[in-house]
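Annotated ATP binding site per TrEMBL: Gly102, Glu103, Ser104, Gly105, Ala106, Gly107, Lys108, Thr109, in sequence order. Under the heading domain 'Myosin motor', TrEMBL lists 9-684. Annotation source TrEMBL lists domain 'TH1' at 798-948. The region 'Actin-binding' annotation in TrEMBL covers 561-583. Summarising the annotation, TrEMBL assigns transmembrane segment to 226-246.
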Amino acid sequence: MAEHESLEFGKADFVLLDNVSLEEFLANLKLRFEKGRIYSYIGEVVVSVNPYRAMNIYGRDTVEQYKGRELYERPPHLFAIADAAYKAMKRRNKDTCIVISGESGAGKTEASKYIMQYIAAITNPSQRAEVERVKNMLLKSNCVLEAFGNAKTNRNDNSSRFGKYMDINFDFKGDPIGGHINNYLLEKVKKDFLVKGAPESLLRSLHIQKDPTAYNYIKVGGMIKVLLLFFLFIYLFFFFFTFLLLNTTRGNLKFGSDGDVTLIENSKLVAVLGELLSTKEENVEKALLYRTVATGRDVIDKQHTDKEASYGRDALAKAIYERLFCWIVGRINDIIEVKNYDARVHGKNTVIGVLDIYGFEIFQNNRFSSITFYLYLFFFCFSFEQFCINYCNEKLQQLFIQLVLKQEQEEYQREGIPWKHIDYFNNQIIVDLVEQQHKGIFSVLDEACMNVGKVTDEMFLQALNGKLAKHAHYTSRKLSPTDKSLEFDRDFRIRHYAGDVVYSVVGFIDKNKDTLFQDFKRLLYNSSNPVLKAMWPEGKLSITEVTKRPLTAATLFKNSMISLVENLASKEPYYVRCIKPNDVKSPLLFEYERCKHQVEYLGLLENLRVRRAGFANRQTYPRFLQRYKMISEFTWPNHDLPSDREAVKRLLQGCGFEHDVAYGKTKVFIRTPRTIFSLEEQRAEMVQRIVLFLQKVWRGTIARMRYRRMRAALIILRAYRRYKVKSYIKEVNRRFKNVRSMKDHGKHVKWPTPPKVLYVFFLLLCCRWWAWTLIKGLSPEEMLQIRAKVATLECLKGQRADLGLQRAWEGNYLVSVRTISNTSKNVFIKKNYNIESQVLFSCNVRKINRFNKAENRAVLITDRHLYKMDPLKQYKPMKSIPLYNVTGVSVSPGKDQLVVFHTKDSRDLIVCLQGMVPAGESRIGELVGTLLSHFKRYMLQPSAHWDI
């Protein structure tokens with residue numbers, strides 16, 4: 001079954017329906033159409049529903065998804081059937097064909113274009129210019145044929161009014177090298193012609209008016225076709241346009257009578273026709289009004305009646321259009337056909353055939369389906385053509401069922417599976433009704449056309465009633481007098497495989513004869529235009545020469561259909577069935593009855609029943625294992641059984657499905673869709689677990705790979721760093737090797753540029769090395785002072801202008817008072833006031849009390865206490881504050897040298913340092929640095945911040 005589509009889109013393959021019924025078939029088709037899935041399968045048959053909107057499913061990325069894939073490896077698509085046909089042709093060296101059928105507007109021509117585009121896209125990987133040229137010609141030939149063979153009908157804006165079969169030739173490498181086109185049953189009177197696309201100068205030279213409603217053939221019904229065509233070479237464009245406009249001009253010729261004489265009412269057009277046909281005006285007029293008849297040795301000119309003249313005019317218009325279209329096809333074939341190909345030298349030439357044929361149609365009144373044709377044939381122009389078209393579809397349906405049955409039976413025989421008879425509707429009886437010798441409708445029609453004297457359509461219907469009165473699939477009003485849906489002496493009904501169709505016999509005789517007077521053939525053969533002359537080779541016969549009666553239109557068409565069927569039967573066929581969802585070209589509307597009718601006449605249920613009669617699904621053992629091996633422990637991840645067949649058998653036995661399957665030589669056959677669904681459900685469950693397991697393993701693998709890469713990168717990085725560091729250290733050692741013997745201790749030596757990893761280290765090393773060089777000779781007392789100054793710098797840098805860093809710090813400035821000697825004073829203070837601790841700082845100060853009065857005092861700071869002293873009382877301590885009660889020190893940035901000692905009991909001491917010698921000397925920095933250095937040295941941290 002097709003992968004990558006969940007059940008929300010319905011069953012991708014109709015073979016998997018639970019019940020085979022028209023209702024379930026249409027329900028599934030409708031669901032897929034509404035979900036945007038326009039393609040489905042019936043086994044290997046593609047069912048295509050016209051989406052009536054652009055769909056982004058034909059691009060290069062989609063081509064790559066289907067290239068080289070098996071039919072069920074991707075969701076249903078035209079590309080899948082095209083790839084299957086191409087692979088069968090290339091791998092097995094076997095001719096294949098793709099038969100595309102459906103009614104007008106179902107999308108047959110578009111399907112054939114997409115198939116050809118896909119084949120063109122997957123060939124010629126080496127981009128050889130010659131292959132590209134052939135591919136472009138094959139693709140562009142469609143445009144020319146559609147321009148001249150399509151028409152607007154009441155069911156389709158661009159309806160193909162002819163059947164087309166194209167063979168694409170491939171060389172032994174699988175590259176396209178040419179092709180050939182056959183056309184079938186061109187509807188000669190069903191064209192709208194183009195005039196608005198031509199330039200004014202060309203219209204004037206051809207005596208043509210710009211307004212298309214001026215021409216009788218194309219104004220009926222109110223629909224006008226406006227096209228602009230440019231062709232590869234000028235003369236081709238000129239002749240196409242001339243002949244097409246010739247038809248419109250001929251349709252404007254009107255005939256009247258003056259007594260027994262027939263006249264051309266608008267005789268000025270005769271001169272125009274003579275110019276367009278490159279022949280004399282009098283010859284044109286004679287061919288229009290007279291018919292040359294040879295009776296023995298005598299030759300006479302028999303004048304037409306106005307009705308006969310009108311008939312001859314219309315016959316000429318149709319014949320010109322038919323010959324023109326066949327000439328176009330011939331010119332295309334001349335260009336695209338394989339030339340100078342020798343199988344002995346170049347290898348076997350294989351083909352893929354693409355058949356785009358008109359579909360079976362049943363109208364409420366089968367006498368017309370388009371309103372674009374002239375009024376003369378308005379009520380009966382479609383009866384004969386539609387009869388031929390439906391006969392063609394009967395032949396193709398017969399071939400389709402026979403080939404499907406044949407393929408099924410052959411596959412069963414190859415695989416050794418017992419074959420049982422399948423009941424189906426065999427439409428051979430209808431084919432015989434039409435084409436059987438002496439009894440068929442075509443034979444009766446030909447006999448009526450060959451009878452001497454005047455033969456009418458009513459006489460033809462009477463002959464049918466006489467020969468087919470007992471046929472189960474034929475009836476008429478004479479045979480069924482109570483059937484009021486049939487008109488007496490006009491209608492007959494055939495029970496086709498697709499349903500009952502009523503035909504009108506009006507026009508059957510004339511259309512079957514399709515008589516063009518020999519006078520017109522001689523007129524066109526004698527034209528001075530070489531292209532026109534070549535189109536009418538039979539015109540070279542003289543008047544008295546006796547010729548064989550030409551084959552009738554029915555016989556020609558029957559022979560072409562027999563040849564087509566034989567051609568298709570010799571190839572391996574693939575099928576595309578196209579369905580038109582509605583008549584209003586809506587992308588949202590699914591008309592149930594409309595689609596039901598098409599499903600019936602396309603024989604889709606018959607195909608489904610044939611496919612489902614035995615086993616609904618069959619797959620090769622390797623492919624079955626590849627899809628379902630995770631279900632069984634005996635097959636996952638790989639089996640060790642003797643063969644894939646044994647592995648599949650063990651898997652199905654484990655699932656309990658051994659009674660619903662049969663084992664062929666290379667394939668396993670599964671009878672019911674429910675087994676497939678059960679396998680799919682188990683597979684989906686296991687796939688989820690496998691995916692989780694694979695994700696776990698893969699993520700672990702990715703993590704380990706990432707770790708190994710990171711570890712390797714780290715090892716490399718460390719090794720590189722070590723190398724750079726060693727190189728740098730060696731260079732530093734080299735430069736500073738003799739630094740101790742230098743006078744400036746190496747100050748002039750330039751440091752080498754460090755690597756990035758050592759940049760910060762370099763800054764610290766450089767500074768510290770130089771600092772160590774400077775201070776290594778200092779005494780311990782000097783080192784204490786250096787540390788205090790560094791602490792001051794770190795704390796007050798940028799806060800005060802003068803920190804006193806440039807002078808020596810004495811610390812105990814009270815011993816410097818000159819009234820007594822330093823030693824005696826220091827001893828006096830310590831001895832008399834029991835100060836045993838080391839003095840850190842002392843100085844005379846000016847104290848500000850709480851009454852804002854200033855008094856001279858002294859401050860003495862030891863390593864344990866802060867003393868406030870009175871200098872007038874021989875520096876007697878007035879107050880002692882333990883240092884651990886000091887929470888911080890605040891100093892002013894000005895010159896007043898204000899200091900606030902903050903205490904835990906909030907009884908702060910506020911003083912201004914004074915008594916400096918010389919005057920104005922700043923001691924704030926020394927006070928702060930001494931305290932900071934003391935606390936750092938003894939690992940003491942103040943309990944609060946130190947404000948500045």
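Each Cβ is built from the backbone N, Cα and C atoms, and glycine gets one as well.
Feature map: annotations from TrEMBL on the structure.
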residue	record	Cβ within 10 Å
Gly102	ATP binding site	27
Glu103	ATP binding site	24
Ser104	ATP binding site	22
Gly105	ATP binding site	22
Ala106	ATP binding site	24
Gly107	ATP binding site	23
Lys108	ATP binding site	28
Thr109	ATP binding site	22
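For the region 'Actin-binding' (561-583), the DSSP counts in helix, strand and coil order read 9 helix, 8 strand, 6 coil.
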